[in-house]
Amino acid sequence: MWPTLRYVGGVCGLARYCVAGGFLRASGPASGVPGLLCGGGRRSSSTSSFDIVIVGGGIVGLASARTLILKHPGLSIGVVEKEKDLALHQTGHNSGVIHSGIYYKPESLKAKLCVEGAALIYEYCNLKGIPYRQCGKLIVAVEQEEIPRLQALYERGLQNGVEGLRLIQQEDIKKKEPYCRGLMAIDCPYTGIVNYQQVALSFAQDFQEAGGSILRDFEVKGIEIAKENSSRSKDGMNYPIAVKNSKGKEIRCRYVVTCAGLYSDRISELSGCNPDPQIVPFRGDYLVLKPEKGYLVKGNIYPVPDSRFPFLGVHFTPRLDGTIWLGPNAVLAFKREGYRPFDFDARDVMEVILKSGFINLVFQHFSYGVNEMYKACFLSETVKHLQKFIPEITISDVLRGPAGVRAQALDRDGNLVEDFVFDGGTGEIADRVLHVRNAPSPAATSSLAISRMIAEEAQQRFKL
């Protein structure tokens, strides 16, 4: 069972579950369904009918598909992904950190699943030979007024069961990060780095080898009760849900699990469920330290976070390829997949303004938003922040790097939804659907733990 049930009224009488508080490339498309990746699947007699369809080919969707098929090898399970490749968006545009679980409210889903998920990710990478580096992390207080918050964060980490935490002083900071200045820090030795896209593609390989099927280039535009015709009457009885794509194709299934990331609210609404909480896309821009300055950073270096926001602040992150990423900031993206500053989609912007509580959020945190926009526009402002930790960095040492877009759930009052949110519902369709509604960081770290929870709930809810 999912830990705590909270009922939220909606179109389908929604029941929301939350705690109170290298690369393997799949084979090309097969005939029949667009973008079908054959995996020796245990499909029904129709190649487009499945017991369970999972919407979303990111790391959470693929982990969930893998866990479900390993737990229920007799079921036919398919994953649908709107892109031509897997794990392209949030999974492929993050800093690659294996988080320890220190930041999250005790007893929350994030706290529980991150600690559990980190252990599972390390175990999985060891099993599969996927490269990672357990390089650790320092959370550094550079001002006296940050020390009480740092100490409180340390206590929170202990409550969450994070391994190996210790508070260290200036001399020990220098031993771990010779070029970093700070008054006090939390040493998190369990933090690591990995390529999550590679992990996700390995999940996909496991899923296909176990008999699952992946349908790429299948953008879901409808989740409906299947309409009967004489040729498919048997399918209609056994597979009552029709999942339709933007090209007019459909697949039939008994149950649906959605892991739609940036589109989780829209996919929920397609199934007749409550679109709240709404997704607001935040773009994060990274800088890259020039290679000749890579010696300045050994492991992850993070600031003491501001508890008012779910963002962890501009930080230093080593990558497996030897580069050092600096950032990200957090600014509103004017498109759900808007990786460039001037990417724009009118529908996405109007939904943020009219449907979410974004305007309230702006009024509540106006100065923070202005500061983030300023840092996005002026490189020198971000560098000034970085110099608080490593004074030797200059503006000539950094280059503009990649960007990612974070799907952040926001309620109607303008409050950022802090915890993971998973929805079920009641109704002809909603009884057969489970939604992953809010799964920002640390969802990649937590992906295997999340998948276990989804599999357990699917077994009980769908009586598998």
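Each residue, glycine too, has its Cβ placed from N, Cα and C.
Taken verbatim from Swiss-Prot:
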- LYS105: N6-acetyllysine (MOD_RES)
- LYS174: N6-acetyllysine (MOD_RES)
- 1-52: transit peptide (TRANSIT)
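Looking only at the modified residues LYS105, LYS174, the densest Cβ neighbourhood within 10 Å occurs at LYS105. In the three-state DSSP assignment, the secondary structure recorded for LYS105 (N6-acetyllysine) is coil. In this structure, the C-alpha atom of LYS174 (N6-acetyllysine) lies 30 angstrom from that of LYS105 (N6-acetyllysine).
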